[in-house]
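Each remark here refers to the structure printed beneath this line.
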């Protein structure tokens with residue numbers, strides 16, 4: 001494969017796991033836009049910067065030289081030489097990342113970082129196939145009911161299912177402006193499917 005594949009979807013739709021597996025099968029790097037937004041949220045929390053302070057947050061990100069290391073097996077985010085990756089999937093980051101991702105300046109900053117990576121690659125996020133890589137050769141949008149997505153996330157986090165579902169519904173409401181399928185994307189409800197089945201479905205469409 002020599003082009004770009006985009007895999008978009010709401011939170012906990014399985015897009016990250018699918019994108020990693022698809023990238024590995026194709027032998028190309030995997031790009032996670034969400035990891036950059038999470039890094040911005042984490043750094044804002046750690047530095048005491050208001051997540052809604054666009055100017056202050058951009059100054060922080062540029063000053064730390066935040067960058068994404070794209071690899072087929074997963075991504076890492078570095079800031080001033082420090083690997084932040086293990087700090088980015090926490091309930092605290094979950095609760096502020098949507099506010100950070102709504103800032104136009106931060107979205108532009110993330111998009112610049114992503115566009116620095118030469119194709120081929122598999123990119124996952126919420127608007128990869130619409131705002132970032134509209135020229136992608138293959139576009140997919142994965143979704144599932146809020147209940148299914150909350151159940152998946154609760155298995156990964158030390159949180160009760162009910163709390164995860166509440167957080168997820170709030171995030172869906174905040175993210176709905178950014179999270180919509182491209183007109184030419186293939187849409188798949190993954191609720192009744194295994195990871196292997198979703199990966200096989202995506203690969204089958206790419207290899208047609």
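A Cβ is built for glycine as well, from the same backbone N, Cα and C atoms used for every other residue.
If you check Swiss-Prot, you get these features:
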BINDING   9, 10, 11, 12, 13, 14, 15, 16, 17  ATP binding site
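In the three-state DSSP reading, residue 13 (ATP binding site) counts as coil. Note: the ATP site is recorded as 9, 10, 11, 12, 13, 14, 15, 16, 17; in the same chain, 18, 124, 142, 144, 149 also have Cβ atoms within 8 Å of that site's Cβ centroid. For residue 11 (ATP binding site), the Cβ neighbour count at a 10 Å cut-off comes to 21, with all displayed protein chains included. Long-range neighbours of residue 13 (ATP binding site) (same chain, six or more residues apart, CB within less than 8 Å of its CB): 142, 143, 144, 149, 190. Listed in sequence order, the residues of the same chain lying 6 or more apart from residue 17 (ATP binding site) and placing their CB within less than 8 Å of its CB are 195.
Annotation for residue 15 (ATP binding site): same-chain Cβ neighbours under 8 Å, separated by at least 6 residues, are 7, 8, 9, 124, 125, 142. Over all protein chains present, the Cβ of residue 9 (ATP binding site) has 27 other Cβ atoms lying within 10 Å.
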